[in-house]
Each structure stands twice: as structure tokens, then as C-alpha cells.
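**Q** Quick one: the structure is below, questions incoming.
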């Protein structure tokens, strides 16, 4: 009802202005003075200026003058329709209570080009080392058929020593993997030292020639193959560690949100309890003073 009355009032107000409003014929700057006005009219005839409202206002001559032609941009602006813009009020409070961290997903992450490339590189390294190992073993078999070499003594390998910093890194998968790599490299170096000491020259055709030990080569190629396999496994472990870290971050975030909500509820309960306690003591004090 109020809206209808307001609209009716606005219509009547607009209609009244349109009917009663008049343009004045003269505009006076100073307050009226009879003597001054009489002198001014006697000295200067037709001193007053009649005010007229033009029917239209033309911009730059309306192409009548070449030097002051109508700009084409004005016609383009007037002919181009403008679409109304709709604005939406942003929310006052932004919370994560509905679905926290939508950009983190508990599902298995999609394989990225970097992870796929690292896996492909590890796979190529393993295949290359296996093929080289097979080719060299075949060459060693042919060489053993043509060359007679004495059987080397049994190499005695010392167990790899563990450094004190290796024991501190056993709490994570990366530490265990680094421990395996370091122990493998130390064992490989010890085997090479022992085999270099036991290598002897072999006589062939009256000349002394130092030939490579097939057992030594087999051990070298086997350990290189193991190193390549461990490198490929480290790439896979990196991808698995990233996925597990993401899951742990999501769990920690949710747990933190639950703790924050519990703290807020506990603060509200404490405020209510404090208010009740203070009111109780004030009431008791007032009753005691009245007695």
C-alpha cells in the first residue's frame, strides 16, 4: 500500500512540474532598486535580455562547415547499444565449513608430465643397463673360450660399515633408500679393491698381457644394474611420498578445523558459566547487604 501511494505521489509531482514550470523572461543579478533601474533603462534602452530555450543543440555545426564537421565517434557512440551491467554483492564472511580445501583431493593424483618423464628415464636406464650387461656377458663367454685363465682365488668381501648418521635417517623411507644406496656403493668399492689386488698377469704367445677378470666384470656390471634399479625405485618413491604428504596435509587441516571449532564452543561455554557465576555472586552480595 505504501509503495502504491509513493508511486502515485511521484506521478502527481512529475505532472505538476510539467504543467506549472515556466521559464522566466528576465534574469536579474542585483535586488530591485527603482531609481537605479529607471536610470539604467533611460540610458540603455532594451537592457534586459529575453531568455529563450533552444529547440535543439547541434554539435560542431552538423556538417555544415568542413572545418567544424560532426565527429564520427559521436554517431558511433550513440548508435552502439550498451548492455546493463549486473553486479552481485560479495559475501560478508568466507568460511571453509562447507567443504574445506576443494583444490586438494584425497583421490590419487593425476600423473604429471614430470613424473611420467622421470619414470620413463628410470625405465630406460634399467633396460639399457640390462642390455649392456647381457652383451658384455656374451663377450666374456667368447673371451673365456679363446683365452685360458687361471681361476682366481675366492674374494673375501668385508661387510659394509655403517656410518653413525645412517642410523638417524632410518625413520623415513627416503632415509632407508639412501642407506641402501650408500651401503651398496661402499660394498662395491670394497669388492673392486679386493679384485684389483688379486688380479695377475696372464701369459699368451710368449708375452705378458694383463687381461680383465670375468668375475670382476660380472660383479661390476651386476652392481651397476643394481644402482640403476635403485635410481628408478627412488623416482617412484618420490611420487608416492608426494601423494602421502598431500593426504597427511589434508588430514591435519581437517583436524585443525575441528580443534578450532571445539575451542570456539568451549569459549562460549566458559563465557556463559562466568556470566552465571558473576550474577550469582552479585545476587548473594546484594541479599547479604539487605540483611
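From the backbone N, Cα and C atoms, a Cβ is placed for every residue, glycine too.
Owing to the predicted nature of the structure, the values given are computational and were not obtained by experimental measurement.
Annotation comment: Swiss-Prot describes 1-271 as topological domain 'Cytoplasmic'. For 89, 149, the entry in Swiss-Prot reads phosphothreonine. The phosphoserine annotation in Swiss-Prot covers 129, 131, 146, 151, 178, 182, 244. As annotated by Swiss-Prot, coiled coil applies to 240-271, with the evidence given as sequence analysis. As annotated by Swiss-Prot, transmembrane segment applies to 272-289.
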**Q** For residue 244 (phosphoserine) and residue 89 (phosphothreonine), determine the Cα separation and express it in whole Å.
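**A** Between the alpha carbons of residue 244 (phosphoserine) and residue 89 (phosphothreonine) there are 40 Å.
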**Q** Where the distance is taken from Cα to Cα, which of the modified residues 129, 178, 182 turns out closest to residue 89 (phosphothreonine)?
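**A** Spatially nearest to residue 89 (phosphothreonine) by Cα position is 178.
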**Q** Have a look at the modified residues (89, 129, 131, 182, 244) and report the one with the fewest Cβ neighbours inside 10 Å.
**A** 89
**Q** Between the Cα atoms of residue 131 (phosphoserine) and residue 178 (phosphoserine), find the distance and write it as a whole number of Å.
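**A** Cα-Cα, rounded: 26 Å.
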**Q** Whole-number Å only: compute the distance from the Cα of residue 178 (phosphoserine) to the Cα of residue 129 (phosphoserine).
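**A** With the alpha carbons as reference points, the distance is 21 Å.
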